[in-house]
Amino acid sequence: SSQEMTNVTAVLEFRLLGFSSNPHRQILLFTVVLVTYILTILGNIIIISVVTLEPRLHSPMYKFLKNLSFLEICYTTTIVPKMLANLLAKRKTISFSGCMTQLYYFISLGATECYLLSAMAYDRFLAICKPLHYVVAMTPESYTRLAVGSWVIGVVTGFLPCLMVSRLNFCSCNLIDHFFCDISPLLKLSCSDTTVTEAVIFTLSLLVLSSCFLLILVSYLLIIQSILKIPSASGKSITFSTCSSHLMVVTIYYSTMISMYVRPTYQVSSDLNKAVSVLYTVVTPLLNPVIYSFRNKAFKTALEK
């Protein structure tokens, strides 16, 4: 009936429950998140600038790193400014369209990161396992294709989940038990039957994560195999050091992502959900610049210059 229809379309904005309602804790959290956010933006801008300004860092490996840093800035900016505003606000609201936009960028950029990390693993594989072939295989054109491809496929990946979530009905309750518009709290909140939506999103996450993960895994198995053939210990460690920072970033990224998305949504407490989400929306984007700048000799030298 029309009465029921008006009920269904009533949600024009959501309220984000966020963290605790304790004002002192909110202020503390606000300060910590703000400082982390500023450091993340600065750290990633430094990486982009150093790679751009230092001719010795114009190899594909560092160009990919520049993409990754730009991605981290976008990714954390999708979530953190709104989160900071809500930590100080009395009414922690987000409009329906704002919520869907945030969800879209969050999924797209997350997927793009998956693809970029795979492209970086492929680049390391070529450099270490096929060094003589590398210059021919990783030309500026093939680098551009991989980088642009990662962004384009990422942008496309976000459409379907977002479209499906935006077409769900949200009846009278508009309280999202989270600090941003993530998939699982929105599915929990909907009064539609979410079985199909959940299945499609689960399958898509699994496809994206597992295909990228397999690519990275195979690349690293071949890399390790190559490294083991190097006779000298110093040769082994020098070669491994060129990919150890990438490996650390991949490990952190995948462990958080798999723990979040490749499991049934309803079995996990919302507090644990929020804690893990803070890890990958606030902490991980800061770790990338830290890991790369500390682990990398060429980068450190360029930074000092």
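The backbone N, Cα and C atoms fix where each Cβ goes, and this holds for glycine too.
Please treat TrEMBL annotations as automatic predictions, because they have not gone through curation.
Here the structure is a predicted model, which means the values were calculated and not measured.
According to TrEMBL:
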TRANSMEM  27-52  transmembrane segment
DOMAIN    43-292  domain 'G-protein coupled receptors family 1 profile'
TRANSMEM  64-83  transmembrane segment
TRANSMEM  103-122  transmembrane segment
TRANSMEM  143-160  transmembrane segment
TRANSMEM  199-223  transmembrane segment
TRANSMEM  235-255  transmembrane segment
TRANSMEM  275-294  transmembrane segment
Region pair the transmembrane segment (275-294) / the transmembrane segment (64-83), three or more CB pairs under 8 Å: yes
Proximity of the transmembrane segment (235-255) to the transmembrane segment (103-122), 3+ C-beta pairs under 8 angstroms: yes
